[in-house]
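Database features, via TrEMBL:
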DOMAIN    1-144  domain 'PurE'
BINDING   Ser3, Asp6, Arg33  substrate binding site
Amino acid sequence: MGSDSDWPVMEGAAQALAEFGVPYEADVVSAHRMPHDMIAYGEGAAARGLRVIIAGAGGAAHLPGMLASVTPLPVIGVPVPLKYLDGMDSLLSIVQMPAGVPVATVAVGAARNAGLLAVRVLAASDEELQARMTAFQQDLYGQAKAKGARLRDRL
Ligand SMILES: Nc1c(C(=O)O)ncn1[C@@H]1O[C@H](COP(=O)(O)O)[C@@H](O)[C@H]1O
C-alpha cells in the first residue's frame, strides 16, 4: 500500500487471505515517495515467490499501475477513499490503465474483494483452495437465501 494510513481499508484483503489460509505479506511501498524501492519491490516480487500483488493507494494512486509495469505477476488494485472526492480520484487513477498493462481494479474500498480475487487466482492451479472457494460461495448462497426467507416472513 502507498501508506500505513491505507491499512484500515487494506486489512480487509489480509483478513480474506487469512480466512483461506493463504500466506501474505503487507508493506508500504509508495511509487511517489519511494520510487526506487517501489521498482525494486515490483521487479523482485516474482523471484521471491509472490504469486499475486494486491496494491492499494488513495488519491493520485499510481502504485498499482507502476507495479504492474515492472512485474509479470497479476496486480489487483484497490482504490482507497480519502477525505476528498470519495475515492473517485483513486478509482480513476487505478482503473484507466493503458493497453498492455492490466490492473484488475476492485470497487472503492473493496479490499476484501481484492483478497478474494487473489484467492481465486491462486485457486486456478490449486484444487484444494478451489474447493474452499466453492464452499465459501455455497455459504454466500445460503446466506442470501436466508435473507430472502426472513424478508418474506416479515411481510
Ligand atoms: N497514492 C499514493 C502513492 C502512490 O501511488 O505511489 N503513495 C502514497 N499514496 C497515497 O497517499 C495517501 C495519503 O498518504 P499519507 O496518509 O501517508 O499522507 C495514501 O492513501 C497513500 O496510498
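Keep in mind that glycine also has a Cβ here, set from the backbone N, Cα and C atoms.
Because the structure is a prediction, the values reported are computed rather than measured.
Here the binding-site residues are Ser3, Asp6, Arg33, and the one with the most other Cβ atoms within 10 Å of its Cβ is Asp6. Averaged across the domain 'PurE' (1-144), pLDDT in this predicted model comes to 98. Sorting each residue of the domain 'PurE' (1-144) by its DSSP state yields 77 helix, 14 strand, 53 coil. Those same-chain residues not listed among Ser3, Asp6, Arg33 yet with C-beta within 8 angstroms of the centroid of the substrate site C-beta atoms are Met1, Gly2, Asp4, Ser5, Val28, Ser30, Ala57, Gly58. Across the residues the record lists as binding substrate (Ser3, Asp6, Arg33), the two Cα atoms farthest apart are 15 Å from each other.
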